[in-house]
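Listed in Swiss-Prot:
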REGION    1-40  region 'Disordered'
MOD_RES   9  phosphoserine
DOMAIN    40-113  domain 'H15'
MOD_RES   58  citrulline
REGION    102-208  region 'Disordered'
COMPBIAS  111-136  compositional bias 'Basic residues'
MOD_RES   143  phosphoserine
COMPBIAS  148-157  compositional bias 'Basic residues'
MOD_RES   159  phosphothreonine
COMPBIAS  163-175  compositional bias 'Basic residues'
MOD_RES   167  phosphoserine
MOD_RES   182  phosphoserine
COMPBIAS  187-208  compositional bias 'Basic residues'
């Protein structure tokens, strides 16, 4: 006799379908840009010149600061420490770099004026010209104030003699008026002779 397989009941739970396994992509390292990923392929000398062209330090960039800039660009500084020093020496010998401080690979470095691009030269010239203009403007702004103070000090000196001249004129005019008035007063004070006095004077003269 053949055995019959019991049919699956309608209420039975269906088997859970397994999801296909997907490969997880590795996360990109944080802080690295496209330029920094390509940095290991570039030569050390190019990276050094680029870092020095960006720096705005007049004295130059120290070796420690250079290493920090190279590490930020994605270059392995610890493994290639000797290569960095050799490239610095060769760049100094070629005249591309100028060593401002220290001796050998240790010290401060900056690009020579011949290697600097035109854009950086123009920026440096503009900054220098702007500083000189500010100094000239500050000097010009200070000079008018001193001139005004001198003018204010000179004004009372000019007005003082005018007052003295006017007072002298008034005094002279007053003296002249007094001299003119005084003889008039003297004439007025003389006693007038009456007819009686005149007759007495005539009698006195006839008796003599």
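Just so it is clear, glycine is given a Cβ too, placed from its N, Cα and C backbone atoms.
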Residue counts (helix, strand, coil, in that order) that DSSP gives for the domain 'H15' (40-113): 37 helix, 11 strand, 26 coil
For residue 58 (citrulline), nearby residues of its own chain (Cβ under 8 Å, 6 or more apart in sequence): none
